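As given in Swiss-Prot:
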- 1-4: topological domain 'Lumenal' (TOPO_DOM)
- 5-27: transmembrane segment (TRANSMEM)
- 107-127: transmembrane segment (TRANSMEM)
- 128-267: topological domain 'Lumenal' (TOPO_DOM)
- 222, 223, 224, 225, 226, 227, 228, 229, 230, 231, 232, 233: AMP binding site (BINDING)
- 268-288: transmembrane segment (TRANSMEM)
- 291: N6-acetyllysine (MOD_RES)
- 577: phosphothreonine (MOD_RES)
């Protein structure tokens, strides 16, 4: 009996070791799933309360519990939770009394990062008014489109943006829109001021009755897609979704003693929903900068004693491109939270700036699915959790890049891809994973839905992203469906090509896209390149490099050297104009190169080469 008992005990002792060997991420997977389940349980309980519990309620509690704690840091200014609470009370009262706003009235903010953005937002929450976050880089037609599609009644704008406001003011006035500068004076006829009105009212708490009709499905904020391929769409973010935006901050281990430093624009979900709201939920401090500056980034981190930084897109690469300094590791940053980080930049960043825990995630502003790389595997955007998938029904399906649609079988249903293959990410639309769509009509919302996916009547959210899941269940971003192009019968992922080209020593930044060629099917690869300072272009070196790492069909046949590469406010490359301009040297003033297979180098693009391509006397 004793030998059997000892054998059983030995087996129990060895079980954790065996599980670790066979399933090295099991404990992390279980822990992450339990955290998500707990979050879902909490949100469900918040929805059942009357009134429903929102992010605003948490802020009010933080202001009562820790009134003197620093909440906002901006330049040399420090604002406590109590100060921001009182200022946002004044905002709500001024908008209510002087502007006549009532719950449900949408207000558009057109301004950069500053404390006023935060207390205006909190003031609108206290009124039950949704906020439309306008990108301060947009102008004219795009600005009017964004304003109109959310149904806003009021525009609050920074006086620094007066030229953009004056350009659209006649149209806004015709539509009965009230326009105000967030200032005490105005030099524009027809534009009033709001700060003088805020200054002149009481800072007493706002009655709950002013927002009594707010529910979990009430729109709280409209956040716009980046508009890399057309006019931006206004994603509807309700109070239910605001809660899930904070989960990434919680999952990355941010605590009340942390200082979160962000240079991301507050009109974007990363800064607003993850950074600011995550800060409020844990009771931390939020350090804000008006715009990203690579040269001032670490000085700011030291100034504010930042422990958490946010990044998106190419931001960390910009930091790695700055000249090295002896104090590169002299900071308190321990967590970096964001997305879009290439594996090579990840390695370089932690090697140079220290052992910072980088939490890469995959998500979209409007989407109903997200992943987090909680084991912090370099290069992955997340991890597919077996337990999570049982609840959040998502799949990768085959996608025809040329036809720009999912591949369906003989019965008309979508086809799942096996591990290791690239597929389109979709997620079933359910009560637990809803898709709330876009403001301004149902057409755009319906375009993001896939119907009859695996059976009649089912509906899935189409992420528009091509991903790959490896055999260890780590998830890798491949490309956007609109960015991937087809050449010589093969799919070409622009991100993959850009990563390879970007490894060449003289390349500072690269934007890859496909351009049409008359008389040819598909699109051929082209790369816009920004050169590093004090480096010269070397066509032979680039040819050798891409020939070693890329198949012939995905090598960029044309290069365009630019002084600056145009990006959106969230560091995404703009491609549409470049694609339209193509590779015609008589149209494009930038220096162009053509990949010459015979000479094994890139040669200057000439009219003769262009004409030979058009005449088909030069084979591509």
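Backbone N, Cα and C define each Cβ position, glycine as well.
Listed in sequence order, 106, 130, 131, 132, 133, 150, 234, 235, 236, 237, 439 are the same-chain residues at least 6 apart in sequence whose CB falls under 8 Å from the CB of residue 222 (AMP binding site). Counting only same-chain residues 6+ beyond the ends of the transmembrane segment (107-127), those with a CB under 8 A from a CB of the stretch are 54-56, 59, 72, 74, 77, 79, 84-85, 87-92, 95-96, 101, 133-134, 136, 143, 146-147, 150, 152-158, 160-161, 164-165, 182, 206, 210-211, 220-221, 263, 265-267, 271-272, 276, 286, 288-291. Nearest in space to residue 291 (N6-acetyllysine), taking C-alpha to C-alpha distance over the recorded positions 224, 232, 577, is 224. Recorded residues the residue listed as 'phosphothreonine' and residue 224 (AMP binding site) have their alpha carbons 20 Å apart, per Cα-Cα distance. DSSP assigns residue 222 (AMP binding site) to a strand. Summarised by DSSP class, the composition of the topological domain 'Lumenal' (128-267) is 47 helix, 28 strand, 65 coil. If you take every residue in the topological domain 'Lumenal' (128-267) and average the pLDDT, you get 92. In sequence order, 133, 134, 135, 146, 232, 233, 234, 235, 267 make up the list of same-chain residues 6 or more apart from residue 224 (AMP binding site) whose Cβ falls under 8 Å from its Cβ. The recorded positions in question are 232, 291, 577, and the one with the fewest Cβ neighbours inside 10 Å is 577.
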